[in-house]
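Record features (TrEMBL):
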DOMAIN    2-348  domain 'Isopropylmalate dehydrogenase-like'
BINDING   Arg91, Arg101, Arg129, Asp218  substrate binding site
SITE      Tyr136  site 'Important for catalysis'
SITE      Lys186  site 'Important for catalysis'
BINDING   Asp218, Asp242, Asp246  Mg(2+) binding site
BINDING   Gly281, Ser282, Ala283, Pro284, Asp285, Ile286, Ala287, Gly288, Gln289, Gly290, Lys291, Ala292, Asn293  NAD(+) binding site
Amino acid sequence: MKIAVFAGDGIGAEVVAEAVRVLEVLDLPGMELIEGDVGGAAWRKHGHPLPQQTIDIAHAADAILFGSVGDFDCDHLERALRPEQAILGLRKELTLFANLRPATVFKGLEDLTSLRPEVAREIDLLIVRELNGDVYFGEKGTRTLEDGRRQGWDMMSYAEDEVRRIAHVAFRAAQGRSGKLCSVDKANVLETSQLWRDVVIEVAAEYPDVELSHMYVDNAAMQLVKNPGQFDVVVTGNLFGDILSDQASMCVGSIGLLASASLGETQTQYGTKGLYEPIHGSAPDIAGQGKANPMAQILSAAMMLRHSFGLEDQAVRIEAAVASALADGIKGGDLGGSAGTRAIGDAVVSRL
Ligand code: GGG
């Protein structure tokens, strides 16, 4: 079981260390951890946020445990050298096109979310975000117009096969849950979204047992805080998914709790090859202070055991340990508590 460990920038190293500790305590036979550099840390050492040796490690691994990237010191760099290119590059390089972002409210946190407790309690949703297309990867540039004004552009596009493959992932996920799928787009304004909607409807014909609905992204943002209980599986594009899943994190209490799996179609001898990361970034303002909540990173490791190694029991063990720690009041600063990174890791480890 080869696991590439790319901690990255800011709080990445601190939270990844706790997730690795959890994995080591489980004492999984044959587990091998291989570290690699990504993000600003890699740019400092190798002059590039995603050096070739890191790409090689990623290719050789069965799964990747990824921390976070983002570094203010890199703000002056051209876009191709920015830390964020490490995560975008890995997703593209490994064709990891399906990002699964589950969101539920843990017991004991109902009063801590941005919603009324009775509304928050209803949340149990899975955002399926497309990762390889959209405006993030379209042609982009800046130029000066004839009248002297500067203009920037980013091309938004989806090819039908890109929509079809993420739609299949979402329909299958819906089949395994409540059988409800909501596709989020902006089809009243964007051609890209109209194609997205047409293709999702075509794919729906293969899943007659799934109830499909469509929602414009602006309405979805509103409904997510008004009545989140109406959603089960939500499928959407790269940009809308990035934004909606951060929004969802506040509906469940903290972005420090949301894990994610990025999957493609590569199968290893153990399961589906994937990259696992918290949805939060590198939080440079609290980096190195032992304050970051490692729970999202630990829960990402649980997703890795489930999807890439078929170790459902071990994944459930980790998730139960996190839930138990939260129910016992072990909370980081992000949840109004005072537990530090290491103390939260200890609490999870002791409950495994
Ligand atoms: N762990 C998530 C992370 O490092 N996020 C930084 C980032 O730039 N993410 C871009 C994205 O998720 O599309």
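Keep in mind that glycine also has a Cβ here, set from the backbone N, Cα and C atoms.
TrEMBL labels come from automatic prediction, so no person has curated them.
Overlay of TrEMBL feature records on the structure.
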residue: Arg91; record: substrate binding site; DSSP class: helix
residue: Arg101; record: substrate binding site; DSSP class: strand
residue: Asp242; record: Mg(2+) binding site; DSSP class: helix
residue: Gly281; record: NAD(+) binding site; DSSP class: coil
residue: Gln289; record: NAD(+) binding site; DSSP class: coil
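A straight line from the CA of Asn293 (NAD(+) binding site) to the CA of Asp246 (Mg(2+) binding site) spans 16 Å. There are 18 other CB atoms within 10 A of the CB of Lys291 (NAD(+) binding site), with all protein chains counted.
Across the structure, Asp218 (substrate binding site) and Lys186 (site 'Important for catalysis') are spaced 8 Å apart at their Cα atoms. Of all the binding-site residues given, namely Asp218, Asp242, Asp246, Asp285, the one with the smallest number of surrounding CB atoms inside 10 A is Asp285. Per-residue pLDDT, averaged across the domain 'Isopropylmalate dehydrogenase-like' (2-348), gives 96. Cβ neighbour count within 10 Å across all protein chains ranks Arg129 highest among the binding-site residues Arg91, Arg101, Arg129. Checking the binding-site residues Arg91, Arg129, Asp218, Ala287, Asn293 for a CB within less than 6 Å of any atom of ligand 1 leaves no residue at all. Residue pair Asp242 (Mg(2+) binding site) / Arg129 (substrate binding site) shows a Cα separation of 7 Å. The binding-site residues in question are Gln289, Asn293, and the one with the fewest Cβ neighbours inside 10 Å is Gln289. You'll find the Cα of Gln289 (NAD(+) binding site) roughly 23 Å from the Cα of Asp246 (Mg(2+) binding site). Taking each Cβ in turn and tallying the other Cβ atoms within 10 Å, the top scorer among the binding-site residues Ala283, Ala287 is Ala283. When Cβ atoms from all protein chains are considered, those within 10 Å of Lys186 (site 'Important for catalysis') total 22, not counting its own.
Taking CA atoms as the reference points, Ala283 (NAD(+) binding site) and Asp246 (Mg(2+) binding site) are 14 Å apart.
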